[in-house]
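Peer 1: Before we start, here is the structure in question, set down as structure tokens.
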Amino acid sequence: MISGAQQYRDKFAVRALVAHNDVAVMIEQCFLVSPQYVCMICEEVARNLKYKLVLMDKNNIQVLSGMKDACVLSALDAVDMVVSTMAGIARLQPIFSAIRVGKKILLANKETLVLSGQLFMTEVYKYNASVLPLDSEYNAIFQNLSVIYQKKLGQVSLSQYGICCIVLTDSGGVLYKITRTKLFKITPVQVYIHPNWSMGLKISVNSATVMNRVLEYIEAHHLFNVSSNEIEILLHTQTIIYATIRYSDGSVLAHFSTPDMKIFIAYAMAYLNKIKLNNISTYSKQYEIYNTYCGNNTLNLDILDTKNYPCLQTAIDASNHSQDSVIVLNADNEVTVEAFLCEMIAFIKIPNFIYRIMNTLNHFQEPSTIDDIIYIDHCIKETEIRYAIGN
């Protein structure tokens with residue numbers, strides 16, 4: 001996103017940047033795009049940032065702090081587009097502030113819709129905001145939809161537009177060929193090394209357990225207004241086909257791409273236009289595309305076995321049950337993954353912990369506000385799950 005704003009300064013200007021506590025990255029981005037405002041959620045960190053920016057002759061940038069200021073920035077009149085990339089439950093408040101003044105939301109994380117579900121989409125309709133997914137699989141689906149459907153995202157059913165099913169693909173993660181015996185000894189470093197994507201530690205673990213795709217399954221339910229029998233997840237280790245749409249007349253549309261997030265970011269930034277970000281491969285002839293993607297091999301798609309990926313069925317059951325179950329699942333997974341990264345539990349035990357906690361701690365009421373969502377998330381993360389893992 002930052003590189004796109006740099007490359008197309010005549011089209012995009014960054015008004016504000018918001019982060020939690022990473023001063024070094026914020027300073028770097030301030031030099032790259034010169035925002036008018038920056039906000040650090042932690043007040044002490046904001047003071048440190050302001051001091052360093054003044055020393056670097058960047059005292060023209062106004063430094064703010066706290067969640068309240070983050071919400072103000074996301075609703076600024078001068079802002080047309082808000083990119084949601086913040087991690088954690090805190091991301092919800094600034095995004096809802098942007099929605100309530102009708103902003104265009106570029107959704108880069110899965111958890112926003114996973115946590116807030118129908119509440120999020122209801123607010124989007126109510127305030128005439130719009131949503132553009134940045135996540136590769138959903139961006140791929142979105143690109144294959146008609147503009148009419150895109151404009152009514154989440155409000156209409158697939159069948160109204162002749163679509164019978166959307167198909168997500170999953171690489172199977174870096175461990176998909178590893179035997180069960182060896183999984184007991186898998187370390188966080190081994191999970192981190194993915195053959196096709198460069199990802200953070202948590203996302204790498206979620207990829208290996210297929211929880212990434214699980215969250216996307218839940219996200220699809222709200223974003224595209226689809227039922228469980230209108231979504232399929234297939235194993236596709238080559239990571240070439242990101243998603244397909246199956247139409248009622250028997251035709252199938254697929255999105256092919258190299259594993260480069262810049263392609264999906266460029267599409268969302270310049271929606272209904274096309275721009276090319278630097279360092280993205282292009283192909284002058286059709287056969288070059290075919291040879292690059294297929295070569296002498298076939299494109300492999302297979303059923304994703306829930307026996308090998310038990311998190312998948314647990315999540316499907318949670319999404320079919322209730323929104324509070326989904327919030328419990330997300331918090332449950334975050335703490336369990338953290339336990340693995342800290343080497344408190346074995347990798348193979350992750351699905352067991354998630355399943356056990358889902359079946360013992362799922363006793364909350366259906367959330368109707370952001371505060372309800374935050375309360376459930378807090379209860380699971382700070383008390384019950386930590387106790388369960390510790391014992």
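Here the Cβ of each residue, glycine as well, is placed from N, Cα and C on the backbone.
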Peer 1: Please identify which of E43, E44, E216 is recorded by Swiss-Prot as part of the Mn(2+) site containing D135, E137.
Peer 2: E216
Peer 1: Counting across all protein chains present, how many other Cβ atoms fall within 10 Å of the Cβ of N212 (1-deoxy-D-xylulose 5-phosphate binding site)?
Peer 2: 23
Peer 1: Checking the binding-site residues N109, K110, E111, G200, E216, which are within 10 Å of D135 (Mn(2+) binding site) at the Cα level?
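Peer 2: Hits: N109, K110, E216.
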Peer 1: What count of other C-beta atoms do you get within 10 angstroms of the C-beta of E216 (1-deoxy-D-xylulose 5-phosphate binding site), across all chains shown?
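Peer 2: Result for E216 (1-deoxy-D-xylulose 5-phosphate binding site): 27 neighbouring Cβ atoms inside 10 Å.
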Peer 1: Find the one among the binding-site residues N109, E111, G200 whose C-alpha lies closest to that of E137 (1-deoxy-D-xylulose 5-phosphate binding site).
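Peer 2: The answer is N109.
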Peer 1: At its widest, how many Å does the recorded NADPH site span between Cα atoms of N109, E111, G200?
Peer 2: 15
